[in-house]
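In TrEMBL this protein carries:
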{"type": "ACT_SITE", "residues": "Asp39", "note": "active site, proton acceptor"}
{"type": "ACT_SITE", "residues": "His67", "note": "active site, proton donor"}
{"type": "ACT_SITE", "residues": "Lys167", "note": "active site"}
{"type": "BINDING", "residues": "38-44, 66-68, Arg329, 355-357, 438-440", "note": "GTP binding site"}
{"type": "BINDING", "residues": "Asp39, Glu40, Gly41, Lys42, Asn64, Ala65, Gly66, His67, Thr156, Arg170, Asn248, Thr263, Arg327", "note": "IMP binding site"}
{"type": "BINDING", "residues": "Asp39, Gly66", "note": "Mg(2+) binding site"}
{"type": "BINDING", "residues": "Val323, Thr324, Thr325, Lys326, Arg327, Lys328, Arg329", "note": "substrate binding site"}
Amino acid sequence: MTESSSSVVNGSNYETLHQGRLNMYKSKVGVVLGAQWGDEGKGKVVDMLALEVDIVCRCQGGNNAGHTVVANGREFDFHLLPSGIVNEKCISVIGNGVVIHLPSLFDELSKNEAKGLQKLEHRLIISDRAHLVFDFHQLVDGMQEAEKGGKSLGTTKKGIGPAYSSKATRNGIRVGELLGDFNLFTDKFKSIVATHLRLFPSINIDVDAELARYKEYAEKVRPYVKDTICFLHTALRQGKKILVEGANAAMLDIDFGTYPYVTSSNCSIGGVLTGLGLPPQTIGEVIGVVKAYTTRVGDGPFPTEQINEVGELLQTKGAEIGVTTKRKRRCGWLDIPLLKYTSLVNGYTSICLTKLDILDTLAEIKVAVAYKRANGEKLDHFPGTIAELGEIEVEYATLPGWQESTENIRNFKELPENAQKYVRFLENELSVPVQWVGVGKGRESIINIH
Ligand code: 2SA
Ligand code: GDP
Ligand code: MG
């Protein structure tokens, strides 16, 4: 280092620049993440928090997600649109990390306009860097599942894996490329089709018809498309409040989930940064959404699954049916080792515990408190392979139920004592405060503890 640059580093210029970097964002980004295998009720939490923010963003996944919002007596299911779109004061952003099937996006927009959501074209911004999901990606998703036979992953067949594969192998096409020179788009489209035909010769793609269709989609989507990175950073410097809605959940994360029984994006905190172009120091609160029991839709290991009358009760009373595919969700007890693991990865600053009301009728409630090997040794980590996970035994604690309805309770202290104890048990095990408890579907059915 030269003398002059050293004096700059050690002098006030360094301090000023360094402090400036630390303070350059007037506000912090709030994040809502699924803490289990999805369907924890993220849509409901985002809808509630969206009442107090300016911008709600999706950062990963596609229309595999299914987020339910029950507000003002109406039920909405969102797949690509951020759940904050119900709030007319919010701008919704679909970030660069999302994969978009344009026909599904426009169907979703029309469906929600018919339900009464207005001026969506003024409140939705789509990243020019988001990748496109084509119909052939969906066909391939179905074929790959069929080829696996008994070892299928149980995907939603929305083309998510094949579209992220195209992105990773650098054959993918971004929204921005659809809006540019259509000759270039045509060349890229023909190339991606050729690649897929080499691998899946039986798929039927009418290239000319698809190109004509996408020429129309280009004009339809154009008004929504922007550089969302610049948009979000400007908003942060202006002190606007931003909320990010994670789709799917930590245990479906391509790196941290039960691989290969996962989705193809990072559904944990990392996906928020890469899927929106946000640096880590912009992140403030990270809210983990935890269902009071565990569910999983699709195949893959599930240590606390209850294939018995308990599982059936949770499935029926909890109306555990896939919002996108209408598949029955598998159900089981709450799993603390799993939650400790996702808490480690995501760094929850608080928890929203949902669907406590579904446990109302049970006399006893079990909670997994440890994973053990056959020799009785307790695991100090979450297994990294399906084989290791398959060998563990689950140790349960049994907590007394409360056997009364919590549905109409809006104050934590009015919850039955054993319900309060259940909440505190989770809080103590995870060392993360529980801020909200859900006792019903609606926006109003949520208890704010603090
Ligand atoms: P994919 O389609 O490639 O992402 O599937 C890979 C695995 O990820 C699971 N997955 C989900 N799990 C829970 N909820 C999801 N959304 C829908 C819902 C699901 C539905 O809200 O109910 O309707 O079935 C979702 N999306 C993907 C999937 O089941 C595979 O295990
Ligand atoms: P998401 O994918 O995490 O947004 O969750 P889903 O919408 O797929 O599934 C959650 C389901 O539980 C939806 O039907 C919600 O309306 C419902 N729900 C959310 N919170 C509660 C709650 O506290 N109690 C009850 N009974 N239902 C809830
Ligand atoms: Mg869902």
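Just so it is clear, glycine is given a Cβ too, placed from its N, Cα and C backbone atoms.
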Using Cα positions only, nearest of the binding-site residues to Gly66 (IMP binding site) (Lys44, Thr324, Lys326, Val439):
Thr324
Return the member of Lys44, Thr68, Thr156, Leu356 nearest to Lys328 (substrate binding site) in space, with distance defined Cα to Cα and candidates limited to these binding-site residues.
Thr156
Given the binding-site residues Asn248, Lys328, Arg329, return the subset with CB under 6 A from an atom of ligand 2, ordered by sequence, or none if empty.
none
For Lys326 (substrate binding site), what is the secondary structure state per DSSP, taken as helix, strand or coil?
coil
Listed binding-site residues Gly38, Thr325, Arg329; those within 10 A of Thr156 (IMP binding site), CA to CA, turn out to be Thr325
Based on Cα distances to Asn64 (IMP binding site), point out the closest of the recorded positions Gly38, Asp39, Thr324, Val439.
Thr324
In the chain carrying Arg329 (substrate binding site), residues 6 or more apart in sequence that have Cβ under 8 angstroms from it:
Asp39, Thr295, Arg296, Val297, Gln315, Glu320, Ile321, Gly322
Using Cα positions only, nearest of the binding-site residues to Thr325 (substrate binding site) (Gly41, Lys44, Leu356, Val439)
Gly41
Here the binding-site residues are Gly38, Gly41, Gly66; the one whose Cβ sees the most other Cβ atoms within 10 Å is Gly38
Rounded to the nearest Å, what's the C-alpha distance separating Leu356 (GTP binding site) and the residue listed as 'active site'? Just drop the number here, would you?
40
Give the number of CB atoms, excluding that of Asn248 (IMP binding site) itself, located within 10 Å of its CB.
31
For a quick check of understanding: among the binding-site residues Asn64, Thr68, Thr156, Thr324, Thr325, which residue's Cβ has the most other Cβ atoms within 10 Å?
Asn64
What remains of the binding-site residues Gly38, Asn248, Val439 once a 10 Å Cα-Cα cut-off to Thr324 (substrate binding site) is applied is none
